[in-house]
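Feature annotations, courtesy of Swiss-Prot:
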BINDING   Asp6, Val7, Gly8, Asn9, Thr10, Ser11, Thr12, Lys13, Thr135  ATP binding site
BINDING   Gly109, Ala110, Asp111, Arg112, Thr187  substrate binding site
ACT_SITE  Asp111  active site, proton acceptor
BINDING   Asp132  K(+) binding site
Amino acid sequence: MIVAVDVGNTSTKIALCENGTVVDKWRISTCGKRTAAEYFSCISVLASRRSADILAGVRGAAISSVVPVVNRHVEELFERFFNISPVFITNSHADLFGLKICLAQPTIGADRVADLVAAKTLWPTSDLLVIDMGTATVFNLLDRNGGLYGQVVAPGVSCLVHSMRECTALLPQTLVRESEKIVCDSTAASLEAGLYWGYRAMVEGITKQIMRESTRTLRVIATGGGVGLFRNCDYLNHIDELLTIKGIVQIYEKTQG
């Protein structure tokens, strides 16, 4: 069994995978002060809900991280409690799958590498627009030959929520929920609707503009923690909340045989 870990700025996704299939998955907050022992305690409690000894079958781990301060704690987690050395995903892993980063600054986050590996594996002959709705919303343009030739980076929905919370004194705290209508008669409902429809309009607007500028016919793939809320966005051809995890597992299997 493989443990795939996706450390994002806001949350950390952990998945147990066997033979390429996700057996179980959890999401915890990302915290730079969480120790290896605390990680192990947390994972043990979550895993025990499925099986008391499920972690005994762990034979490898791969990590995608965009939060460097967390890396040493997660590495210690696997070395100390599982006696394995985890694979940390880097840009060099893109080469193993025939991907080329054709950007002015040819360095991207490990999560984006995993996204592109999985997307290219699933749709090998398509020109792709891969949207990751994380703390930042990243639009990746990948041609059918495996070249990442363009990108757009915009705020994620959690950034919008945080900004409203931090920059306004009287507005209530809220979570983003799917809203059927945009015009509401209460402050709380209006805030929820504004966040939902505002973010959705941003994603649809950027996607529409990318498609307008592109000379290619793009297959649009969406992933990320909040993608389920926005499954009804226009232009999205495929939604896969596990795309990053799939890419992490594929990279592990490629590097470890």
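Backbone N, Cα and C atoms are what each Cβ position is placed from, and that goes for glycine too.
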TODO: Out of Asp111, Asp132, Thr187, give those binding-site residues positioned within 10 angstroms of Gly8 (ATP binding site), comparing C-alpha atoms, in sequence order.
DONE: Asp111
Open item on the list: Sequence gap of 6 or more, Cβ distance under 8 Å: name the residues on the same chain that satisfy this around Arg112 (substrate binding site), in order along the sequence.
Closed with: Asp132, Val138, Asn140
- [ ] Between the Cα atoms of Asp111 (substrate binding site) and Thr12 (ATP binding site), find the distance and write it as a whole number of Å.
- [x] 11
Open item on the list: Using Cβ atoms only, which residues of the same chain lie under 8 Å from Asp6 (ATP binding site) while being at least 6 residues apart in sequence?
Closed with: Thr12, Lys13, Ile14, Ile63, Ser64, Ser65, Asp111, Ala114, Thr244, Ile245, Ile248
- [ ] Restricting to the same chain and to sequence separations of six or more, state which residues have a Cβ under 8 Å from that of Thr135 (ATP binding site).
- [x] Gly8, Asn9, Thr10, Gly156, Ser158, Cys159
Task: Most Cβ neighbours inside 10 Å, all chains, among the binding-site residues Thr10, Thr12, Thr187 - done: Thr12
Open item on the list: Neighbour count first, Cβ atoms within 10 Å, every protein chain included; then name which of Gly8, Gly109 tops the list of binding-site residues.
Closed with: Gly8
Task: Cβ-centroid neighbours of ATP site Asp6, Val7, Gly8, Asn9, Thr10, Ser11, Thr12, Lys13, Thr135, 8 Å, sequence order - done: Thr30, Val66, Val67, Gly134, Gly225
